[in-house]
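For reference, Swiss-Prot has these:
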type     : residues                                 : note
ACT_SITE : 311                                      : active site, proton acceptor
BINDING  : 20, 90, 118, 165, 342, 383               : phosphoenolpyruvate binding site
BINDING  : 20, 21, 25, 163, 164, 165, 191, 311, 338 : 3-phosphoshikimate binding site
């Protein structure tokens, strides 16, 4: 699908979609518990992949209105009777690869063409040290992956520089190992807030994780624990909401209220402080979970450290494109290992809209100006598509392709934007 986008302003109220990160974790932990109810989960392509994978490990999942009722494996995941297809979901692939190490048999996991390009080497290496046997069928650390269960627990190290999903996956699996595990992070832990979300969720499920140093990069994980996630309500997603907030800040005459944005461990809530730093008219009523943005103010250039919040890079890049001065997005090499190489995708597409941009291995330098309408490629990446779409609302006369990819994290993105008054028309492929 393609979208034709004209100059717009947006007004009204909208609910932030449920958090993808929290939904993935809630489903996964519920599937390892006995019986759980998850209220208001995000049902998107990625989270549906986690549901399907959980069912293959023995969980029973049913939907009742806005809830998921999950009968879990009670800490004993079964052997899947077919290949687990994680589709486009890196979280699903990494979490389920670790859980496969708990079974009494062999599990095969794969994904779509994009997911099969993403690295998994550090996770496979640690699983082997923990007593499982894990390998890539192609010998290149990419899916398809084969795992023979046998995690027993040990003292292991893992790099934190590629993906925090590896660490979260191990934190989820190792509490069910026979023995305790000590997991030490080598180097700087990228995307730390996602690990904090995992530990928060594990605590709600009754699982204990201890940190053994001041930096929080050494985790002591007792074995033979029990999962017991009874009920959980999924919070709103700041990453998905960032496109709504940024659009309103950039578009003159706009004023929107985004609900269901309460304080949480999500690192992406920094989008609110980022917009304030850039000079946007934005307020956050934390107690009510309501963020209000009014457009019209000229935005100022900033330096943005993407180390903890890689998913905000496309949003911030578009904001920088209209800001006065030169902005720098740095500490961002790990953004290259997402659904696409997002730094390269942004460096390719934004100049088509008149943006002056310099790409380096771990950074983007962007000089703000006037966005121009163009036909741009969405790279079949939900975050690239949504960021280019809001750029198109500023520029007008813009066409973005591969718009169906928004189903990964925010299926109602274009619907919500149209309801707020954005001039967006979806064009079926011929």
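Note that Cβ sites are derived from N, Cα and C of the backbone, with glycine treated the same way.
Swiss-Prot feature annotations superimposed on the structure.
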residue	record	DSSP class
20	phosphoenolpyruvate binding site	helix
25	3-phosphoshikimate binding site	helix
90	phosphoenolpyruvate binding site	helix
118	phosphoenolpyruvate binding site	coil
164	3-phosphoshikimate binding site	helix
191	3-phosphoshikimate binding site	coil
311	active site, proton acceptor	helix
342	phosphoenolpyruvate binding site	helix
383	phosphoenolpyruvate binding site	helix
The rounded CA-CA distance in Å from residue 20 (phosphoenolpyruvate binding site) to residue 191 (3-phosphoshikimate binding site) is 15
Entries of 25, 191, 311, 338 which, being recorded positions, have CA atoms within 10 angstroms of residue 165 (phosphoenolpyruvate binding site): 191
For residue 25 (3-phosphoshikimate binding site), nearby residues of its own chain (Cβ under 8 Å, 6 or more apart in sequence): 168, 172, 197, 198, 201
Find the one among the recorded positions 164, 191, 311, 338 whose C-alpha lies closest to that of residue 90 (phosphoenolpyruvate binding site). 338
Residue 342 (phosphoenolpyruvate binding site) and residue 164 (3-phosphoshikimate binding site), Cα-Cα, nearest whole angstrom: 17
Using C-alpha atoms, which one of the recorded positions 191, 311, 338 comes nearest to residue 118 (phosphoenolpyruvate binding site)? 338
Please report the number of other Cβ atoms within 10 Å of the Cβ of residue 165 (phosphoenolpyruvate binding site). 25
Rounded to the nearest Å - Cα separation of residue 383 (phosphoenolpyruvate binding site) and the residue listed as 'active site, proton acceptor': 8
Going by C-beta under 8 A and a gap of 6 or more residues, the same-chain neighbours of residue 338 (3-phosphoshikimate binding site) are 90, 310, 381, 383
